[in-house]
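Participant: Here it is, the structure in full.
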Amino acid sequence: MRVLPATLLVGAATAAVPPFQQQFQQVLGIPQEEVEQAAPVAPSAPTTPKPLQIFQDQLKSLSDEARKLWDEVSNFFPDSMDHNPVFSLPKKHTRRPDSHWDHIVRGSDVQGVWVTGADGEKQREVDGKLEAYDLRVKKTDPSALGIDPGVKQYTGYLDDNENDKHLFYWFFESRNDPENDPVVLWLNGGPGCSSLTGLFMELGPSSINEKIKPVYNEYSWNSNASVIFLDQPVNVGYSYSGSAVSDTVAAGKDVYALLTLFFKQFPEYAKQDFHIAGESYAGHYIPVFASEILSHKKRNINLQSVLIGNGLTDGYTQYEYYRPMGCGEGGYPAVLDKGTCQSMDNALPRCQSMIKSCYESESSWVCIPASIYCNNALIGPYQRTGQNVYDVRGKCEDESNLCYKGMGYVSEYLNKAEVRQAVGAEVDGYDSCNFDINRNFLFHGDWMKPYHRLVPGLLEQIPVLIYAGDADYICNWLGNKAWTEALEWPGQKEYASAEMEDLVIEQNANTGKKIGQVKSHGNFTFMRIYGGGHMVPMDQPESGLEFFNRWLGGEWF
């Protein structure tokens with residue numbers, strides 16, 4: 001089915017635009033062959049679900065305004081509306097027997113624990129619906145992989161047996177003082193990209209070189225913290241499912257269950273401070289996940305703060321800063337010509353109008369067109385230049401691997417049979433990013449929903465750090481600084497007026513070196529990191545570890 005075409009608005013992107021599938025493929029850097037393989041549709045299968053086929057009945061009841069939005073984006077992307085299946089396909093997998101695992105923590109057992117409260121009444125030890133969940137745990141031999149020998153490691157799966165979901169995690173104990181150092185959960189974005197890319201390309205104990213061998217990382221974030229890397233949502237990385245998660249809120253329930261069962265199995269870590277950190281689409285995830293945790297008053301998760309790096313959190317504010325960043329106003333030379341910059345300026349009012357409608361209704365019918373239109377008008381022009389969307393300083397060196405050859409090295413390493421065996425992976429293959437997941441989230445309207453509205457509630461209880469490498473385009477520092485200043489909360493005026501101060505290294509051979517700028521008031525802090533792209537710990541490992549350690553030490557809160 002196709003919706004009726006509508007006249008394009010003046011001010012839309014003037015250059016020819018790629019079809020919807022190709023456009024978002026470029027955002028994630030996923031090769032065409034992977035997209036085609038991920039959605040094999042036989043010509044003789046006319047009943048394969050398609051976005052507008054699935055929505056056909058509901059479209060009849062749309063308001064005139066919503067229908068016009070769909071008409072508009074259909075005119076931009078007619079082919080994509082006909083040919084893209086909505087739902088992700090299950091990954092091939094072989095579940096390992098229970099005897100493979102050292103521990104299996106049953107959610108039903110945890111939920112069944114009752115204690116006597118201060119008032120003498122019986123109450124559950126921890127909140128939450130956990131009976132459908134299990135946690136499988138295996139102590140991993142570091143020597144088998146050559147990754148951080150001497151550091152305790154655990155891998156395993158969180159199982160949602162009711163919904164056939166299985167999330168893979170990899171835990172590294174702190175190199176320093178694991179009995180006292182904090183615990184951090186790390187999340188990559190996408191949506192649909194594996195957190196193991198963060199492990200091996202950014203902040204984990206090893207990177208993978210061109211010989212597909214692990215190389216020790218002296219700037220690993222487990223230098224002074226224990227770190228959990230989680231492949232979520234399902235069907236990302238080593239995780240798998242027969243069903244799908246298509247929005248951030250649903251994914252939050254899984255993360256709460258994982259942490260609750262993990263800390264039940266390892267109470268020695270539960271007593272430590274706990275923090276959530278992540279980047280990119282984790283700007284959506286983290287406000288939701290932290291709010292989910294804090295909503296449970298009886299919990300064994302000692303959440304102390306959250307850190308979001310180069311995140312997408314408030315689209316209305318952040319999309320305004322694509323044109324300035326691409327046109328030379330972000331501290332680096334312009335990538336786009338004057339005509340393109342003007343076209344983006346012309347498109348912005350319509351984009352923001354659509355995002356505003358999404359914020360007001362939070363309806364998928366309104367939020368999906370906003371995502372498609374705004375990404376086409378404000379990200380598409382930059383993509384067509386061939387420049388790296390994650391770093392304005394250079395060209396995209398490897399389109400099949402998010403512009404980075406290192407991403408391919410990581411995928412090749414994690415697809416080795418001996419690696420999958422060592423960590424207990426149950427899938428037949430590893431993918432750095434799953435395009436189907438990205439599309440699922442978009443077609444559920446998740447991309448533009450106002451998750452930033454949860455941040456004031458977080459600020460009432462815990463500190464929040466927003467940091468941004470200043471060479472990134474896709475989630476650039478201008479937009480991240482702007483949304484933090486626009487956020488409505490009791491400390492808004494004081495925070496917005498706070499001056500940016502130099503951020504300098506304090507304790508090593510480079511003491512006094514300026515690595516960025518920082519501003520802070522109350523529980524809210526923003527950092528600009530010089531010379532960092534979308535992945536700060538990869539581009540500026542020393543700077544990343546410096547601010548990370550100082551943040552966990554409580555310097556700004």
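Glycine is no exception: its Cβ is also placed from the backbone N, Cα and C atoms.
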Participant: Which candidate, Cys403, Cys433, does Swiss-Prot give as the disulfide partner of Cys193?
Facilitator: Cys433
Participant: If you count the C-beta atoms lying within 10 Å of each candidate's C-beta, which of the disulfide-bonded residues Cys193, Cys327, Cys351, Cys358 ends up with the smallest number?
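Facilitator: Minimum Cβ neighbour count within 10 Å, taken over the disulfide-bonded residues Cys193, Cys327, Cys351, Cys358, occurs at Cys327.
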Participant: Tell me the coarse DSSP state (helix, strand, coil) of Cys193 (disulfide bond).
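Facilitator: Note: Cys193 (disulfide bond) is in a strand by DSSP.
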Participant: Suppose we draw a 10 Å sphere around the Cβ of Cys367 (disulfide bond). How many other Cβ atoms does it contain, all chains included?
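Facilitator: Total other Cβ atoms inside 10 Å, all chains included: 27.
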Participant: May I ask which of the recorded positions Ser280, Cys341, Asp472 is closest to His534 (active site) if we compare their C-alpha atoms?
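Facilitator: Looking at Cα distances from His534 (active site), the smallest one goes to Asp472.
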Participant: Work out how many Å separate Cys351 (disulfide bond) and Cys396 (disulfide bond) at their Cα atoms, rounded off.
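Facilitator: Distance (Cα to Cα, whole Å): 26 Å.
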